[in-house]
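Taken verbatim from TrEMBL:
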| type | residues | note |
| --- | --- | --- |
| BINDING | GLY97, GLN98, THR99, GLY100, THR101, GLY102, LYS103, THR104 | ATP binding site |
| COMPBIAS | 388-403 | compositional bias 'Acidic residues' |
| COMPBIAS | 711-722 | compositional bias 'Polar residues' |
| DOMAIN | 9-344 | domain 'Kinesin motor' |
| REGION | 375-409 | region 'Disordered' |
| REGION | 673-731 | region 'Disordered' |
Amino acid sequence: MSKNKSSESVKVVVRCRPLNRREESSGPAGSIVQMDLRLGQVILRNPRAPLSEPQKTFTFDAVYDASSKQRDLYDESVRPLIDSVLAGFNGTIFAYGQTGTGKTYTMQGAWLDPEKRGVIPNAFDHVFTHISRSQSDKQYLVRASYLEIYREEIRDLLDPNHANARALELRESPETGVYVRDLTSCVCKSIKEIEEVMNMGNQARAVGATDMNEHSSRSHALFLITVECSQPGPDGRKHIRVGRLNLVDLAGSERQAKTGIQGERLKEAAKINLSLSALGNVISALADGRSGHVPYRDSKLTRLLQDSLGGNAKTVMVATLGPASQHYEETLTTLRYANRAKNIQNQPRVNEDPKDALLREFQREIARLRAQLNHRKWRSKQKKEQVDGESWDEETEGEEEGAEVEKEAEEYVKLEEQRLEREKEAIKGDRFLLAEEKQRLLGEKERMMGDLRKEQEATEQLTAKYKAMESKLLVGGKNIMDHTNEQQKMLEMKRQEIAEQTRSEREMQQQMLSQDEETLELRETFTSLQQEVEAKTKKLKKLYAKLQCIKAEIQDVNNEHVTSRQELEQTQNELTRELKFKYLIIENFIPPEEKNKIMNRLTFDPEEDQWKFQPLVPAEIKSSQMKKRPTSAVGYKRPISQYARVAIAMGAHSRYRAENIMFLELDMTPPMATSLDRSAEPELHQSPSTDDSPTKDRGVHKSRSWCQMPKSVTSSASNVSLTCPAATAAQ
Ligand code: ADP
Ligand code: MG
């Protein structure tokens, strides 16, 4: 990918957690991970390799060892990103690593301990402190959403119905890129509110899971914050900037054990691997830069992170490592993954005045409500002045007079109520009025009072709506939280400066190191041949070691490829086996015509990555064009054909009796067993008792078909009455 002015690479930082008690007591002592904080390097020791084997070194934007504080990581690596989001950029932080290496610790941490609060709570503080300290001409709208991707399905964690809700769909728009349709988003006005939202989501996440650790290691959690800020520009108009922040806690990167699992578990394992391997493929494709196609569409996760990887966003990846020797392979894989991600180039830009900014809608709605409210109040005030005998002009009313109008309007309502009350009393007390007239006048006054109250109620409702709407917008410089004093502000700034300095120092060190290697030869001048030989031998040794490193690396990568290929093959075999099983059932137990019917109706929806049934009636045929179901014939339960109607008219035959097709009348017709076949065997007819054929019906009287003429001759044996007792009796 070509670098241009506005492009910047994905920042990758690595964090290693301390050895835990179990690892300290069980495994071989010591950590296999060493870190050079000054240079931003991780040195990995292979516990099974001989000491002579060179250690593997990786360089990153920053590294954090076991003693690092949450605050250090935030100030140095996350703070600049959140600042960018507040300025209208898209930002993403994702934690990648094996289960148990500290992804959730880094992202969330321990909420109650200020020292151990992770990236997310610190980001909340940061955002709302920034708003409270910004100028008062800025208006903000902060929204939060929380979702998880589990088995390639997106679940809304803020939906109260989360456990039963349908999986959400991904959509794409040219304005906002890929987004989740119908995702709940909560407007948050303070740190407390946004923390509540987060807690709600965390609880929802835990509810569905039988084992939370297991669940969280298999699902990806995304917390999304949108900060919209409106500020008057130099042109006098209000401009809106929208910053979107994705905080992602990925599923554990370890290989899912697939041996011996089947059915649902197999599918799940395959799907978890799918998302993470798709992420790996996207990173490889982007880092490589040569392959034109980036397989974003391969998984939900990569589609959602599309902008964050190679698009319009600033991205920080935190790769987490465990120091224990038994996880050497996984640690190495994580480091390779992270190392590749460093090469991804993004093109972040400020999102200025996007069409879908919610803040603009809010502002419009607030303005509309305010206008309505003002108009109502103005009307009341005008009426009051008519009562008072003054004249008043709406045009002269300015914004600043709003409060006065409100007061006067309230006064008007009060006065008007009093006046009506007085008039009512006067009517009641008037002895010259007829009782009927009195009643009418009183009724009229009652009605007027009712109207007045209704009017007042409507105004109150409107005011409440207006206030609720307005309260959602945060105004810069207002008391969202207690203003921290100047000293604290200074402290923060100093800390930021220090972080900035450390960062640039490290960058310089890294640059120097790489330049040193390149220019070693150029700078060297040799005084004697001997010296030259020595220097060159040294260099040769260095290069040889490097070569060995690279060779080992190639070998490792090859091995890794082989393993992952074998795993893929294994998955494929298992899935093929499952497929064969399903085929067997379909081919042997589902009638072919049913199968064809179903197959013809199925279509694949690439958006949702699922097979779907086409509706029986194509959508374009409107309901009006649909064939109408024939109405029931009057007096009959079911629709009835013309033919049957004629048949009924011709003579009531049981077959066409809609209501009761049982024929209960005694059949008095004499037995008509004179079929041609039978006549050929008269003895059978005459002595029915000798007939022992099992196929003959015995003791069963079957009614004749209605179209059968009474004397007709039939070849059907089943229509022959052989031993009908009723018929015999009649004879
Ligand atoms: P993951 O989310 O990657 O599966 P967790 O964040 O749940 O891992 O971390 C596993 C355990 O390690 C937790 O008990 C956590 O407190 C601890 N831990 C992780 N990182 C650190 C760290 N940097 N310092 C101290 N403890 C840590
Ligand atoms: Mg976790």
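Positions of Cβ are set from backbone N, Cα and C atoms, glycine also.
Every protein chain shown contributes to the tally, and the Cβ of THR104 (ATP binding site) ends up with 19 other Cβ atoms within 10 Å.
Summary of the ATP site environment: with the site residues GLY97, GLN98, THR99, GLY100, THR101, GLY102, LYS103, THR104 set aside, the chain residues having Cβ atoms within 8 Å of the Cβ mean position are ARG17, ALA95, TYR105, GLY252, THR320, GLY322.
Among the binding-site residues GLN98, THR99, GLY102, THR104, residues whose Cβ is positioned under 6 Å from ligand 1 are identified as THR99, GLY102, THR104. Each of the binding-site residues GLY97, GLY100, GLY102 was ranked by the number of other C-beta atoms within 10 Å, and first place falls to GLY97. The candidate set comprises the binding-site residues GLN98, THR99, THR101. Of these, THR101 has the most other Cβ atoms within 10 Å. LYS103 (ATP binding site) has a Cβ environment of 29 other Cβ atoms inside 10 Å. Taken in sequence order, the binding-site residues GLY97, GLY100, GLY102, LYS103, THR104 that lie near ligand 2, meaning a CB under 6 Å from one of its atoms, are LYS103, THR104. For the domain 'Kinesin motor' (9-344), the model gives a mean pLDDT of 86.
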